[in-house]
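As written in Swiss-Prot, here are the features:
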BINDING   Cys203, Cys206, Cys209  [3Fe-4S] cluster binding site
Amino acid sequence: MMPEIEILEEKDFKIKFILKNASPALANSFRRAMKAEVPAMAVDYVDIYLNSSYFYDEVIAHRLAMLPIKTYLDRFNMQSECSCGGEGCPNCQISFRLNVEGPKVVYSGDFISDDPDVVFAIDNIPVLELFEGQQLMLEAVARLGTGREHAKFQPVSVCVYKIIPEIVVNENCNGCGDCIEACPRNVFEKDGDKVRVKNVMACSMCGECVEVCEMNAISVNETNNFLFTVEGTGALPVREVMKKALEILRSKAEEMNKIIEEIQ
């Protein structure tokens with residue numbers, strides 16, 4: 001059977017889905033591709049011309065690097081693939097400028113971008129506070145990169161999965177309820193004089209229910225279905241991250257097939 005994806009829940013920055021008919025290797029490859037292979041924009045270096053705040057230049061640069069930037073993959077090249085040879089041009093990088101005086105809290109929305117569409121994804125993130133008489137003037141240059149290079153380029157902040165198990169309660173069950181009390185995830189409930197599974201998605205496969213069941217009525221088995229939870233940073237829509245990750249995996253698989261054919 002071919003792997004399938006079933007969307008369970010989708011919000012602005014979060015998505016839950018089931019990856020069906022997949023091996024653990026495929027599930028983990030998909031997770032790693034979303035975190036480490038899909039490109040996103042991030043501040044790469046900062047030129048600070050004036051800083052009389054209480055913060056060191058390095059601290060400000062680090063904070064800017066971790067701010068998610070709205071990313072348009074069709075409008076920018078990776079610097080390693082750009083015609084400028086990686087020196088930096090409008091096709092592979094963009095600048096954000098700031099010139100402010102205190103007293104003021106500097107927010108991510110205060111920065112002026114070369115492109116009005118390419119801005120920090122969330123405009124109310126506080127960067128630092130300037131007090132009376134303090135100034136900050138800088139230029140931050142952003143480019144595309146991947147999480148393999150640095151965490152600041154990851155388009156997702158959370159990308160995890162768990163196996164969806166198969167839980168079987170057989171005819172040996174006497175309805176004692178020990179498994180209900182032992183289960184830390186509230187997976188079981190009483191059903192007359194028996195026990196039934198009410199929330200298999202919550203199961204962490206800890207095995208507590210199997211341990212306490214003296215009747216050997218419960219079995220918990222692995223399946224080929226995985227529950228994914230993915231939260232984006234705002235740099236890219238989560239669906240686009242998923243789609244791009246699948247494209248990358250397909251490209252890698254095709255490249256591997258070519259290598260194998262050449263060897264044969």
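Placed from the backbone N, Cα and C atoms, the Cβ positions cover glycine too.
Features recorded in Swiss-Prot, as mapped to the structure shown.
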residue	record	Cβ neighbours (10 Å)
Cys203	[3Fe-4S] cluster binding site	22
Cys206	[3Fe-4S] cluster binding site	14
Cys209	[3Fe-4S] cluster binding site	27
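The Cβ centroid of Cys203, Cys206, Cys209 marks the [3Fe-4S] cluster site; residues of that chain outside this set whose Cβ lies within 8 Å of it are Pro165, Ile167, Cys183, Pro184, Arg185, Val187, Ser204, Met205, Gly207, Glu208, Val210, Val220, given in sequence order. DSSP assigns Cys203 ([3Fe-4S] cluster binding site) to coil in the three-state reduction, placing it in neither a helix nor a strand.
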